[in-house]
Every structure is written in C-alpha cells, then in structure tokens.
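Q: Let me begin by handing over the structure; questions about it come next.
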Amino acid sequence: MYRYDEFDQAIVDARVAEFRDQVARRLNNEISEEAFKPLRLMNGIYLQLHAYMLRVAIPYGTLDSRQLHMLAHIARRYDRGYGHFTTRQNIQYNWMKLEEMPDLLADLASVEMHAFQTSGNCIRNISSDQFAAAAADEIADPRPYAELLRQWSTLHPEFSFLPRKFKIAVTGSTIDRAAIQLHDIGLELVHGAEGEIGLKVLVGGGMGRTPLLAHVIREFLPVADYLSYMEAILRVYNRHGRRDNIYKARIKILVNDLGPAEFARQVEEEWAALKPLGLDPPPSELARIAAHFQPPVLDADAPVEIDLSNPEFANWVAVNTHPHKVPGHAIVTISLKAPGEIPGDASADQMDLIADLAKAHAQDEIRVTHAQNLVLPHVRRDALFTIWQALKGAGLATANLDRASDIISCPGLDYCTLANARSIPIAQKLAVRLAPQEADLGELKIKISGCINGCGHHHAGHIGILGVDRKGEENYQLLLGGSGAEDASLAKILGPGFDENGIVTAVEKVIGRYQSLRSGPGERFLDTYRRVGAEPFKEAVYG
Amino acid sequence: MPRLLTGNRVETGDVIWWTGDGWSLHLKDAIAVDDSGEALIAQFSPQERINDLALIDADPSDAGWRPRTTRERVRAVGPSVRPDFALPSIPVESI
Amino acid sequence: MAESTLFRLRDDPQDSSWAHGDPAVPLDAYQAGGTAVRLEPGDDARALIPHLASLRRIDIAFPKFREGRGFSAARILREAGFAGEIRAVGVLYVDQLGFLVRAGFDAVLPEKPFDADVARATLARFPHVYMKAADTARPVWLLREERALAAR
Ligand code: SF4
C-alpha cells in the first residue's frame with residue numbers, strides 16, 4: 001500500500017502545526033467560533049450532540065496494522081474506547097476534546113494518516129472497492145488512481161469552497177462494490193480499443209433529499225489526462241453549481257438542470273482550455289504510486305480444500321468469505337454487525353485484535369467497507385480457522401454478510417446534531433428480530449438514515465428506513481427497492497410513516513409477504529420487488 | 001413552560017447547563033431561566049466560551065427536568081444506545 | 001471597509017490611482033479601456049479576456065464566507081495571462097490566504113483586517129503543494145520527477 005515520502009509527510013505535518021495554531025487562537029479567543037468553525041470542519045471536526053466528533057480519513061478504505069493499532073490507541077487515549085466506521089469508509093470518534101485534537105492529529109500523522117477534508121464543501125476522502133487487488137473480477141487495482149486523486153485534491157486552491165461537499169469513488173471492477181452511480185463523480189477502470197486502461201466517467205449521482213443516479217459523461221478517458229479532466233468537471237461545478245439553496249447545491253442538480261449532454265459539453269470545453277496547461281503529472285508519477293500497490297506475493301499452491309467439519313465455521317466461511325484471485329486464498333469480511341450491537345462500532349480491543357490478525361495472516365492489510373464492516377483481503381484458506389476462532393473470541397465472527405442483520409445505520413439522533421430520529425435502536429431491534437430467519441432470506445440489504453442527508457444510504461437499501469420528525473416525535477418512513485450495486489436503483493417510499501415499534505413490524509410484514517411471493521429460494525427480495533412491484537407490499541403493510 | 005439554558009464548552013465540547021451562578025455537566029443542576037434566557041445568551045455569546053447556546057423547553061418531573069424533545073433528552077443523558085455512559089439525569093430508558 | 005485592511009502581496013507601488021484609490025466599476029458598467037473592474041460571484045471572468053491589456057486591477061467579490069466562485073475567476077484570469085493585480089474583496093479570513101495566493105490573488109481587502117503575524121505564518125505554512133495552480137509553486141510530482149532524474 002501507499003507509503004508517504006518526505007513530501008507527503010511534510011504536508012501532513014504542516015497541517016498538524018497549522019491546526020495546533022488555529023486551536024490555540026480559538027482557545028485564546030483570538031478568533032471567534034464563526035471564523036473557527038470552517039477551519040475545524042476542514043479538519044473533520046464537528047460539534048455533535050454530546051461532544052466534538054472527529055472524522056479521520058481512511059483513503060480508499062485501506063489500512064495497515066500499524067494504522068489500525070493507532071486508531072485503537074486513539075480510541076483509548078482520546079475517546080471512550082471505541083470508534084464508528086462509516087459508510088464513507090472512514091472512522092469517527094464521538095467524544096473528542098478540542099484542546100486534545102492537535103496531539104491526536106500528530107499521533108495520526110505519525111502513521112501517515114490525517115483528517116484532511118473529511119468535512120466542508122470540498123473534495124472529500126476518495127472511496128473505492130474494498131476488494132481491490134483481491135477480487136477475481138477486477139481489471140486493475142483502482143487505488144493508485146484514487147491515491148493520485150487524494151493528492152491532487154488535498155488543499156486544492158480552487159476547489160476548497162465548492163457549492164457543496166464533493167465525493168469521488170473509483171472502482172476497477174464491473175461488479176460495483178463502491179456505489180459509483182451514487183457519487184458526485186464515479187470512475188470505473190475500463191479497457192480501451194488497444195487494451196490500454198482508461199476511465200469511464202460518471203457524474204451527478206447522489207442520495208440525500210434528491211436522490212439521483214449518475215450519468216456517464218465519458219466512456220473512455222485516457223489515464224494520462226484524467227486529473228485535468230477532473231479539474232474541468234470541478235471548475236464547471238464550482239462556477240455554475242447552485243449556491244442559493246443548500247439542498248440544490250450538489251453537482252447532481254447542475255447535471256440534471258443542464259442535462260448530461262450539455263454538462264459533458266461544458267466539461268469538454270473547459271478541458272480543452274485546461275489540458276494544455278500541464279496540470280497532469282507525468283506517467284512516471286502514476287507509476288511511482290502504482291509501485292506501492294504491487295499485489296502481494298501469494299502462494300498459488302496453498303491448499304484450496306480445508307477442514308469444514310465444524311458447521312459454525314463452515315457457515316461463516318460460506319457467508320463471510322469471497323473467492324480470491326489467487327487459488328487457495330480468500331477475502332474475509334469481518335462483520336461489525338453482531339445483532340443487538342451498534343452497526344459499525346468497534347472497540348479498541350477489537351481493532352487491535354483485527355490488526356494483529358491482518359499482520360499475521362493477511363499481508364498486513366485491512367479494508368473498511370461502505371457497509372461498515374472490515375475486510376482482510378488476502379488470507380490463505382488454511383488460516384481461516386485460526387482467524388475465525390480469534391474473531392469468535394472477540395464477538396466478531398457473526399456470519400451475516402449482506403444478510404438481513406448486516407444493517408447499515410448512520411449514528412442518528414443518538415449522536416448526530418442534524419438527526420430527526422434515532423437510527424441505531426431500529427437497526428438493533430431489526431437485527432435481533434430478523435437474524436433467526438436470515439439464512440432463508442438470502443441477500444437483503446437494510447439501510448437506515450436518521451435524516452434526509454442519507455448518510456445511512458437508505459435510498460440504496462433493498463429496504464430503506466428514513467427517520468423524520470413528526471411534530472417533535474420520531475417517525476420512520478419505509479422505502480423499498482433500492483440498490484447501490486451495479487444494478488443501482490433508488491428505493492421508493494411505500495406509504496405513511498411509523499413509530500419505532502411500527503417500523504419494525506412493517507419491515508417484518510414486508511419480509512413475510514416476500515417469502516410468500518418469491519419464485520424460489522434463489523430470488524432475492526430485491527428481485528421479487530422488481531418483478532411484482534410495490535402493491536403487494538403496500539397491501540401487506542397498510543392493507 | 002420552564003426554559004433551560006444550555007450549550008457546549010468550547011475546550012471540551014461538553015454539554016453544560018446554566019445553574020444560576022455557573023455551568024454544570026448535569027441537567028439536574030439546571031435552573032429555569034424563563035424570561036431572562038435571551039439576556040443571558042446576549043451576555044455569554046460575545047465571551048465566545050460556550051458554543052451553540054440555546055434555550056430549551058423542559059417539564060419538571062419526579063426525576064428532575066424532562067426536556068420536551070428527544071434530541072434534548074439525548075443531549076442531557078448521553079446516547080440511548082450506550083446506557084453505560086448515561087449521565088445521572090433522567091433515566092436512559094425514558095429517552 | 002477601511003482601506004487600511006488592504007493586504008497586498010505585490011511589490012509594485014500601490015499609490016497609483018489604479019491600484020488603490022480607483023473604485024473598480026461593476027462588470028456591466030465596464031467600458032473598453034477602463035483600468036479597474038469588479039467581478040461579482042455570478043459574473044463570467046472570461047468576459048474580461050478581451051480587455052486584459054488595459055486592465056490594471058480586477059477586484060473579485062466574496063460577499064460571504066461560503067462563496068467560492070472567485071477562486072475559479074482568479075485562476076481563469078491568470079490562465080489568460082493577466083499580470084495585473086487581482087484583489088479579493090469581502091468576507092475572507094486570514095487562514096484562506098494560502099488558497100487565495102495559489103488561485104492567483106495578489107491582494108486581499110478583507111472585511112476585518114488580517115493579523116500580520118498570522119498572515120506571515122499562514123503563507124509560510126506548507127512547504128510543498130500537490131497540484132499546479134496559478135502561482136509559481138512547483139507541485140511535488142515535479143520535484144519527485146526531478147529527483148528521480150537526478151538519481152539516474
Ligand atoms: S443521515 Fe442525518 S442523522 Fe444520520 S448521520 Fe447523516 S446527518 Fe446525521
């Protein structure tokens with residue numbers, strides 16, 4: 001994985017010094033909160049319901065054990081012993097003290113990590129496929145392209161005060177694990193006519209108040225010029241994106257208002273002006289970065305057959321591992337969704353354990369998924385049992401990947417100052433209720449947000465739940481039929497909302513109706529919904 | 001209806017309540033500021049030591065103040081999903 | 001806005017009428033040959049390209065903190081070869097100086113004056129930059145390339 005050189009380190013260290021200075025000025029009252037707030041936000045620091053919250057960037061969701069140990073240390077030293085992995089592949093800490101933040105950022109910098117641009121109206125952390133470099137279905141590792149984007153977007157002088165936040169995702173596979181159709185820019189590595197690698201460019205996807213799927217504005221972008229092309233997209237957006245209404249300020253609204261064809265034309269025109277300016281680094285820079293992402297040397301003769309006589313272990317292997325591109329290996333997903341627990345939360349001890357396992361058995365790599373789980377991407381199959389035993393001892397061996405209890409949930413009103421309703425308790429109740437039957441249900445993605453901002457991706461849920469405020473009471477809307485994968489679609493509201501217990505019952509009714517309607521055990525809820533439409537479910541819930 | 005004055009301490013982010021002669025971490029120490037609330041906010045705002053100063057509605061109950069909204073009850077007690085961190089104000093179950 | 005808040009990074013004299021005293025005219029009142037003009041956030045900076053030879057100073061307005069279009073406007077003007085003064089005017093904080101300079105501004109007239117020490121520290125803060133922009137700073141990829149060539 002990428003390692004900083006002295007330039008990268010100097011920039012991150014300077015940022016720590018800058019923030020130390022800014023915090024000192026705020027604590028001395030040299031600057032007002034009004035002036036300070038945008039500064040702390042650009043370092044990922046929010047004031048939430050109980051304390052400051054810090055969002056640490058995990059670029060393209062990749063960590064090594066040293067970094068995960070540091071995240072554990074931060075949880076212990078500066079927080080209350082845990083952290084929350086988010087749908088943006090980042091980690092958030094909930095109990096931060098402003099006065100300790102400069103030391104914390106210095107600790108992060110010591111392991112080549114930072115909180116650059118994890119908030120604010122700028123280009124946010126670049127997300128990617130959690131199975132990068134391990135999945136059999138990928139064209140190439142997307143992370144070198146993501147890393148170059150990270151560097152290019154860091155402290156960008158023109159694009160740090162955009163109309164609204166800006167999220168970019170990159171994938172190297174046609175199986176979309178990075179939800180590229182739901183990002184401001186989605187990039188997919190593709191082969192050109194001569195077999196060379198290029199990028200397919202999608203623009204204008206997103207969730208929130210106006211969920212929209214992205215449009216392809218370029219089928220093939222040569223990698224040599226992709227940064228100047230990004231620059232062109234961002235410039236068109238910065239100049240023409242709406243700034244009069246925060247709910248209409250994302251690029252998706254501009255793309256929609258102009259129409260994708262006209263938007264693409266303006267980008268091409270801007271690109272023609274920008275490309276000759278020498279903004280693109282030479283190919284040697286991408287090659288330098290790519291050299292850090294050499295695939296690990298794995299033993300292709302590692303045994304494929306392993307002892308699966310322990311049924312609990314065999315079930316975990318079947319549910320939570322994926323085939324690796326190298327025979328005898330597997331991709332392990334560690335569920336942070338034990339039913340009844342808080343989705344995405346991990347204790348410092350759990351982080352340390354996972355870091356140790358990664359070091360011992362997984363080429364020292366850990367990935368964070370947008371579904372708030374962790375991944376060990378390169379594991380010998382004959383080490384799976386050892387790993388499983390260690391995970392089990394720490395409450396981390398839940399075999400529920402992509403199943404009913406693997407629920408995505410934003411922090412909601414238990415932590416978030418923007419929330420209308422709590423999301424975590426709904427996730428906990430649903431997971432406990434649905435876990436016993438989830439094996440029969442197969443793939444079922446439930447996603448919960450505590451407000452219209454949609455951090456819990458409710459619009460991309462097979463079943464989505466949105467917390468709203470109804471006359472001061474928590475109320476929940478039920479949405480069906482979304483997907484954030486390559487078959488992306490936006491979930492639609494089924495009908496009037498429910499209270500906390502009502503929404504749990506309503507989901508159970510939807511699932512009951514699905515079980516009676518599905519054509520066979522292979523038909524997922526989403527497929528059944530797409531086949532039969534919303535009516536039967538409406539009838540089941542409201543009839 | 002009784003109104004309480006609350007905010008977050010700038011250094012720590014801690015949720016704090018106005019007690020009449022200072023600030024407390026505990027809702028139970030809060031006093032009703034009622035009509036003097038706006039004047040207190042006008043007094044404290046320029047000092048820039050407390051962020052997000054706000055007046056919230058609360059009702060007296062046997063267990064002490066009970067803020068009207070879920071949001072303010074969560075702020076006063078802690079996350080409803082982490083009873084282990086609950087502050088001694090209203091019972092966490094009653095959020 | 002007091003004139004004393006003007007923070008200037010150019011070393012040419014500021015006492016000539018164009019640089020300091022002349023009120024910049026709004027874009028739609030601008031007439032060919034004018035030396036100073038003011039762009040509002042919604043104005044198209046490219047409309048000035050035919051006039052860059054006569055212009056000595058272009059003010060770009062930042063009516064509120066969240067406004068960011070001026071960063072594109074300044075860079076577009078520098079890309080078009082404008083070498084006169086580009087002044088950022090409005091709600092701007094000293095911590096934004098690095099962005100402003102890199103986007104092509106060489107003067108700032110903030111609503112509240114900048115602390116000179118903080119301004120100096122801010123401008124000296126980052127030893128390297130990741131991307132080319134409107135200033136002369138050389139991005140790290142260029143430094144890396146040079147170093148790799150030298151090593152050969
Ligand atoms: S969806 Fe709303 S409630 Fe949930 S984390 Fe995002 S802003 Fe907060």
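We number each residue from 1, going along the chain as drawn.
Backbone N, Cα and C define each Cβ position, glycine as well.
TrEMBL lists these features:
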type	residues	note
DOMAIN	A:52-110	domain 'Nitrite/Sulfite reductase ferredoxin-like'
DOMAIN	A:119-272	domain 'Nitrite/sulphite reductase 4Fe-4S'
DOMAIN	A:334-392	domain 'Nitrite/Sulfite reductase ferredoxin-like'
DOMAIN	A:444-541	domain 'Nitrite/sulphite reductase 4Fe-4S'
Q: Between the domain 'Nitrite/Sulfite reductase ferredoxin-like' (A:52-110) and the stretches A:119-272, A:334-392, A:444-541, work out which stretch tops the count of Cβ pairs under 8 Å.
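A: Per the Cβ count, the answer is A:334-392.
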Q: Please work out the helix, strand and coil residue numbers for the domain 'Nitrite/sulphite reductase 4Fe-4S' (A:444-541) from the DSSP assignment.
A: 36 helix, 25 strand, 37 coil
Q: When the domain 'Nitrite/Sulfite reductase ferredoxin-like' (A:334-392) is classified with DSSP, how many of its residues are helical, how many are strand and how many are coil?
A: 26 helix, 15 strand, 18 coil
Q: How many of the residues that make up the domain 'Nitrite/Sulfite reductase ferredoxin-like' (A:52-110) does DSSP mark as helix, as strand and as coil?
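A: Across the domain 'Nitrite/Sulfite reductase ferredoxin-like' (A:52-110), the residues distribute as 29 helix, 18 strand, 12 coil.
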